[in-house]
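These notes concern the structure reproduced below.
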Ligand SMILES: C[S@@+](CC[C@H](N)C(=O)[O-])C[C@H]1O[C@@H](n2cnc3c(N)ncnc32)[C@H](O)[C@@H]1O
Ligand SMILES: Nc1nc2[nH]cc(C(=O)O)c2c(=O)[nH]1
Ligand code: SF4
Ligand SMILES: [Mg+2]
């Protein structure tokens, strides 16, 4: 039996980001991350001061919660965090898949697991300069290899021109990975704040800028999408 450190389980809601945007999804958010991005919107699953809220759960109990939330109907499950690759999720994936559930996982690509190959989708989100983190590309490539034939996509958050240029460079390096560009949200709330105001105008402005910038470059391969759940519900947790 695998014990998982869980910050929250919520849904079904819609997947608000990337390739599966709009798809009804249950989210399982693991506690703990090996990064500390300057603009992380999920600090309640990253910052150690919240570790007392990360409950140890058996994967069987996580699956029971997913089944309760989805009323038994197999739904897409998104494993996020924190960095969910830190946790032993293989058993949950095996159990869920046996009952028809599908699994996506979001990670920065710093830790690879053999069981990535069992995912329906691996979302790799390497961190641009504005994050303050530095990508270890060798490790990133081990993640790509670990996914095997599982569908793998890349999602890059863009705040500014330096991030944009970096994303172009990364896209050239990994031309086989479908690419999603996502404008950054500058106002991560303190995790306690239920309804913190968001910088909606800033998000929309960066989205318009990103579309203009990409089209002006005649760069037509990436999808450009805002965080739909943030537009709908702001920085609220559990949506
Ligand atoms: C909170 S992270 C958790 C999974 C994993 N640690 C990662 O970063 O991929 C989920 C997604 O949210 C994105 N994200 C985090 N903070 C953001 C922000 N302020 N604006 C836009 N996207 C953000 C991340 O880049 C990642 O794609
Ligand atoms: N609706 C919704 N979509 C999401 N896509 C990625 C999320 C995440 O925090 O990993 C997320 C989230 O927290 N909520
Ligand atoms: S890697 Fe993901 S969860 Fe970790 S700090 Fe960065 S955005 Fe937040
Ligand atoms: Mg999020």
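Our numbering is plain: 1 for the first residue shown, then up by one each step along the chain.
Each residue, glycine too, has its Cβ placed from N, Cα and C.
Because TrEMBL annotations are produced automatically, they should be read as predictions rather than curated entries.
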Item to check | Per TrEMBL, 14, 15, 16, 80 bind substrate; matching candidate in 29, 65 | outcome: 29
Checklist entry - Pick from 82, 238: which one does TrEMBL list with 39, 40, 41, 125, 126, 127 for the same S-adenosyl-L-methionine site? => result 82
Item to check | Which binding-site residues sit within 10 Å of residue 42 (Mg(2+) binding site) - Cα, from 14, 15, 16, 125, 126, 127 | outcome: none
Checklist entry - Those binding-site residues, 14, 40, 41, 42, 82, 126: which ones have a Cβ sitting under 6 Å from ligand 3? => result 40, 42, 82
Next on the checklist: Near ligand 1, which of the binding-site residues show up if the criterion is a Cβ under 6 Å from one of its atoms? Options: 14, 15, 16, 29, 42, 127.
Outcome noted: 42
